[in-house]
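According to Swiss-Prot, the features are:
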DOMAIN    16-240  domain 'AB hydrolase-1'
BINDING   Trp22, Ser82, Leu83, Phe143, Met144, Ala145, Leu146, Gln147, His235  substrate binding site
ACT_SITE  Ser82  active site, nucleophile
ACT_SITE  Asp207  active site
ACT_SITE  His235  active site
Amino acid sequence: MTTPLYWQTEGEGSDLVLIHGWGMNGAVWQTTSEKLSQHYRVHTVDLSGYGHSAELGCADFDEMVKQVLAQAPKKAAWLGWSLGGLIATKAALTSPERVSQLITVASSPRFSAEKGWRGIKPLVLSQFTEQLKTDFTLTVERFMALQAMGSPNAKQDIKLVKKAVFSRPMPDQQALATGLMILADIDLREAVSQLSMPVCRMYGRLDGLVPIKVAHDMDELMPNSAKIVFEQASHAPFISHNDEFISELRTFLNQHA
């Protein structure tokens, strides 16, 4: 039997799963889940190799998706931030009967930039991979700074993310390396048109990792999905614009309940 992932569940109501991004853990949702738990039964997970699931070590992309599905509620709305958006999207594609609504935050079906598609330059991803080998704590901190870049409250945002992440065990080094490979290699662009449940895509207009051009390109790939852009936010709108984020999320979930 596989060792279970670490989950936190709070609140009552319809089920909502929250999935963190690369280098992070479920504590990053603390303020968000406290507020959402007044309306929903909120489930936050530490992915394999992260936070309280760090000792489980590394898992590849498909295995990560299976691990979350194995312990998630039978049917729930799934919300994934950044790398977590890829995992939530893949879960919705492989097990659509389990995902009632899909929400992606500062995410993309293809994170790596290529001709005709905006994203993270492959060189940046390979530099992070190299830095991991020498100082993975510093690498995670640099990624946090990159996430907040552009936000008017960048310093405060980084402080909040750091506090959350460092409140739990540091991620497994190999899990971090595998996560960067996922960001570099996974491409779900052709698959997303198959999604049948209501989908909401949330973006920060100032995001340096998922450029706003991606939001417009996704309008063509997913014409039936909802799109929300937080004008003054960067890569973590649920941290920099928490009340606005929760209001938009609740509106979408209520419309598609």
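Heads up, the Cβ atoms here are built off N, Cα and C, so glycines get one too.
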Return the maximum Cα to Cα distance in Å (whole number) over the record's substrate-binding residues: Trp22, Ser82, Leu83, Phe143, Met144, Ala145, Leu146, Gln147, His235. 16
Spatial neighbours, same chain, of Trp22 (substrate binding site) - Cβ under 8 Å, 6+ residues apart: Ser82, Leu83, Phe143, Leu176, Gly179, Leu180, Leu183
With Cβ-Cβ distance below 8 Å and at least 6 positions apart along the chain, what are the contacts of His235 (substrate binding site)? List them in sequence order. Ser82, Ala106, Leu146, Gln147, Ala148, Met149, Gly204, Asp207, Gly208, Leu209, Val210
Given the recorded positions Ser82, Met144, Leu146, Asp207, and counting only Cβ atoms in the protein chains shown, which has the most within 10 Å of its Cβ? Ser82
